[in-house]
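Structure, as structure tokens:
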Amino acid sequence: MLWALALLALGIGPRASAGDHVKDTSFDLFSISNINRKTIGAKQFRGPDPGVPAYRFVRFDYIPPVNTDDLNRIVKLARRKEGFFLTAQLKQDRKSRGTLLVLEGPGTSQRQFEIVSNGPGDTLDLNYWVEGNQHTNFLEDVGLADSQWKNVTVQVASDTYSLYVGCDLIDSVTLEEPFYEQLEVDRSRMYVAKGASRESHFRGLLQNVHLVFADSVEDILSKKGCQHSQGAEVNTISEHTETLHLSPHITTDLVVQGVEKAQEVCTHSCEELSNMMNELSGLHVMVNQLSKNLERVSSDNQFLLELIGGPLKTRNMSACVQEGRIFAENETWVVDSCTTCTCKKFKTVCHQITCSPATCANPSFVEGECCPSCSHSADSDEGWSPWAEWTECSVTCGSGTQQRGRSCDVTSNTCLGPSIQTRTCSLGKCDTRIRQNGGWSHWSPWSSCSVTCGVGNVTRIRLCNSPVPQMGGKNCKGSGRETKPCQRDPCPIDGRWSPWSPWSACTVTCAGGIRERSRVCNSPEPQYGGKDCVGDVTEHQMCNKRSCPIDGCLSNPCFPGAKCNSFPDGSWSCGSCPVGFLGNGTHCEDLDECAVVTDICFSTNKAPRCVNTNPGFHCLPCPPRYKGNQPFGVGLEDARTEKQVCEPENPCKDKTHSCHKNAECIYLGHFSDPMYKCECQIGYAGDGLICGEDSDLDGWPNNNLVCATNATYHCIKDNCPKLPNSGQEDFDKDGIGDACDEDDDNDGVSDEKDNCQLLFNPRQLDYDKDEVGDRCDNCPYVHNPAQIDTDNNGEGDACSVDIDGDDVFNERDNCPYVYNTDQRDTDGDGVGDHCDNCPLMHNPDQIDQDNDLVGDQCDNNEDIDDDGHQNNQDNCPYISNSNQADHDNDGKGDACDSDDDNDGVPDDRDNCRLVFNPDQEDSDGDGRGDICKDDFDNDNVPDIDDVCPENNAITETDFRNFQMVPLDPKGTTQIDPNWVIRHQGKELVQTANSDPGIAVGFDEFGSVDFSGTFYVNTDRDDDYAGFVFGYQSSSRFYVVMWKQVTQTYWEDKPSRAYGYSGVSLKVVNSTTGTGEHLRNALWHTGNTEGQVRTLWHDPKNIGWKDYTAYRWHLIHRPKTGYMRVLVHEGKQVMADSGPIYDQTYAGGRLGLFVFSQEMVYFSDLKYECRDA
């Protein structure tokens, strides 16, 4: 009370603090930014403090900013406390450069300040902007970017910028401007670890990142366990001592008294000594002033001591007395131009102003200013080097420019004037001609027909003169001449005689008779006004004019055509029967050449196509859709030499198809009608008969095409011509596809914010807060953002009492997600046979570590034929048949079954190998049975539309049902791929920046062609995407993967992984299965023992480009090990592996692959079974 009364007597009371009182003085930046383990792109790790998570950021565009309320409080505290302190525990990647803290705004590309750890320069940079001008302070030799944990404290307070690591001061400089007083909140955002560009994002781990507002750095260090040293009480004037401790910024090592020289030659220049003397003069003035101030303090202390009768002890009030004035606790005042003081717990703590190094050689002191200053005239060259020589002229002809430059010695001068000068130069006129490619002129009119009757030709020409190629320009492409047929009236055809028929038998055998022969006017018949044949139709001739002998042969005892031999005694004998007959010469019967020589005519395993005649034979014409000869003859010699050859017609090979010039003719086989189909080439779309440009390679043309009647398939204009969307979904029917429509349902809410993108709901009600609007939520009162509906009844699984719709409630259903009304459970493990991955072995946990759909309990991985099915579950254990096709369901696969349809007709003679038809009916005789005509596997899908015509289990490309296989399923954070299904499973979009994973379909293949369109719809990230084939388990598969840029994987354990840009083809045969070993091996371009082997990598190392459509095509023939990968960019082949041979796996499943890449479109997917 006495001390308070004394103060009141002096007229000094406690002073009210100015400004609003802010309770919180420490802010956890992770907490107020809502950064947690669920934040996309933030991976959680264990740091030095086990109770608090550490984070590594890999997707900086997803880092949330500090919330607005807390940012407002931070800015107010920074102004009130004259700055702030940033504390953190960090482990920065070696030699990396990264931002610790940044305040962006108020504009989209503006910043107010940022703290950047510059590993290459080994500095900690503070950049801030005042009135649009950038200022930079940096602390040197900080040693932060060495991949070691550091506990740092950054001081940005009053006029000081310093760094403490642990309890040690590393470096400190003086701030030029109190920028923290001008910070703005409106339209501003504060981020942790996020830089202004990709190169300035923080690379490493962060923990315990706080903004602290304290009175001094000692308060913060003491809370970290640091011991107080004398440095904490520097510049303190105590009431109990008359000694002033100078700060380390003021050195007293230099003595100006006369001393003996330590060496004969001075190592300092006169200019340096002059600067030193100027600084000492200023220091002398400062020390004298401080000495006088100390004397006044001692006098004032003595006065107060006498006034109050000795030191008082009080707990309620503290104050300081200086030069007769009493100052309240924490009050700050100015002593002189170089000194400020603050009252701290009865002590007066004074701080010296530290001057920045002079920027000129001869600084001067100004009255009232603490620090020396520099002045320059505007036209002075002080500090500049001499001008360099002029550069060469920037052009080789015409008017150009030259430049020269000079440099500034910034260590001691502030140079005025430009550093670069520019002047114009001229080297004569330029040749105005330009390189010009040739162009065709218009076509000339068609010439007259080359004939006056019948079929001829007309011709037209064009010249390469519009313009003529010059200066190395290219010649015109294409032909300068074009010809087409012309039709005139048919020409007259004069009739001509056929050959004479054989002479008829003579009317008598001797003494003269008559024989005749005839001819017909049909070779050709007269047509179109032609002349008739001239001459007689019949001709007669005398025969057997000789006298009649007495001869036994005169009575013609032999078979006509057989030679008769007579003898003098009147007897006779007959020679052999004529060709085409069998007998003794007297009696001859027709020889059936068709029965003796069975392969005369082409056979289709049906009725004989050879017709026996009397005499001779002939073959029926070739069956429909075959072409060949039609032989005929008499006798065995003709039968053995004249064979009928019928070959299947192939319009693609014969060039008789009607496909467009930019389409490919695909031969379907002679059993199909039609025998071919037309598909537009890559870069084009249409029905094959008409093809147009297709920029995004999704199978739809840029413009409408005039296709054949009722043939609108892929002839309609693409509703998203620059973004692949093979399904062409357009919910609001506005002509803009959903893929590129910003508001699919036209409810005035953009798709990005719409919680029902495909349903009009402007009110956006969402009762269960699952980000799916009530109008389209299949469980509107139950949180279920995935919207899974197993039985497709409109009620989501999350709120359905019977998920699979088998009339068995979930709590009693042993297969709640698989329809099984019988609830059969052979092994009694509580899991129904329909969904049990070991139906004959008790395994209630259903663990399947290798993701091959066989539970670990019964998985032995013994597979002698490498087709992905272990021996005890393989229906052909010794013959590779990945598809396990068994069309007669007899337990024996078609690959090892001699009668696939069990109709009693062996496969090699069965005209419908997969369909039961013991009668083998074949109406048109083409070798294909009627029952499987145009649908070989009898799956009700015509072969021309069937992607697997010989497998009734696969009819179309469909990835709507797939198995999600995470390849690195463990870790502190796990981001799985997010697959969006479109176009009935023919288009999938992966939206997340995820860990490696596969979406693998359930259809299984041996020989297969697999193609699709690849498109990355973002400019964020640059990592892997591709597809898999021959998938047998998560340890055994082939993968084609494509990286945009070369990059080392950020986790170097368990093995360092270097990923090179370009397309790679790899075979995975992992001994460890999914996890970090397989993850790093997949990233690595090369071989990793026991994990991955690279079969091919594109030597051009071409990475994919953002917003660019590519088309891949895979060919795989497991029987020979042949595989080939082609990648098109537009119409051109960008990468081609050529023939690659590997027989590690004999087939498997197909799927899509991603590794740390978001917004990947897999569009217009297509797989087709092929003959081995």
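Even glycines carry a Cβ here, placed using N, Cα and C.
Residues or ranges marked as compositional bias 'Basic and acidic residues' in Swiss-Prot: 885-895, 925-935. For C397-C430, C453-C491, C464-C476, C510-C548, C553-C564, C601-C619, C622-C646, C720-C740, C756-C776, C779-C799, C815-C835, C912-C932 (among others), the entry in Swiss-Prot reads disulfide bond. Feature annotation from Swiss-Prot assigns N-linked glycosylation site to N151, N316, N330, N457, N584, N710, N1069. Annotated repeat 'TSP type-3 5' per Swiss-Prot: 824-846, in sequence order.
Feature map: Swiss-Prot annotations on the structure.
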| residue | record | DSSP (3 states) |
| --- | --- | --- |
| C397 | disulfide bond | coil |
| C453 | disulfide bond | coil |
| C491 | disulfide bond | coil |
| C553 | disulfide bond | helix |
| N584 | N-linked glycosylation site | coil |
| C756 | disulfide bond | coil |
| C779 | disulfide bond | coil |
| C912 | disulfide bond | coil |
| N1069 | N-linked glycosylation site | strand |
Report summary line: Given the compositional bias 'Basic and acidic residues' (925-935), its same-chain partners at Cβ distance under 8 Å and 6+ residues beyond its ends are 604-607, 609, 623-626, 670-673, 910-912, 914-915, 917, 941-944, 946, 949
**Report entry** Distance [Cα-Cα, Å, rounded] between C815 (disulfide bond) and C799 (disulfide bond)
**Finding:** 17
Query - Secondary structure content, the compositional bias 'Basic and acidic residues' (885-895) (per DSSP, counts of residues) - result: 2 helix, 0 strand, 9 coil
Query raised in the report: Which residue counts does DSSP give the repeat 'TSP type-3 5' (824-846) for helix, strand and coil?
Result: 0 helix, 0 strand, 23 coil
Query raised in the report: What does DSSP call C932 (disulfide bond) in the simple three-state scheme?
Result: helix
Query raised in the report: Which of the three DSSP states, helix, strand or coil, fits C646 (disulfide bond)?
Result: strand
**Report entry** Candidates C430, C453, C619, C740 (disulfide-bonded residues) - the one closest to C464 (disulfide bond) by CA
**Finding:** C430
Query raised in the report: Among the disulfide-bonded residues listed here, C510, C564, C601, C622, C932, whose Cβ has the fewest other Cβ atoms inside 10 Å?
Result: C510
Query - Stretch-averaged pLDDT - the repeat 'TSP type-3 5' (824-846) - result: 93
Query raised in the report: What is the one among the disulfide-bonded residues C397, C464, C799, C815, C835 whose Cβ has the most other Cβ atoms less than or equal to 10 Å away?
Result: C815
Query raised in the report: About how far apart, in whole Å, are the alpha carbons (Cα) of C453 (disulfide bond) and C548 (disulfide bond)?
Result: 60
Query raised in the report: Expressed to the nearest Å, what is the distance separating C799 (disulfide bond) and C646 (disulfide bond) at their Cα atoms?
Result: 65
Query - Pairwise CA distance, C912 (disulfide bond) versus C397 (disulfide bond), rounded so that it is a whole Å - result: 79
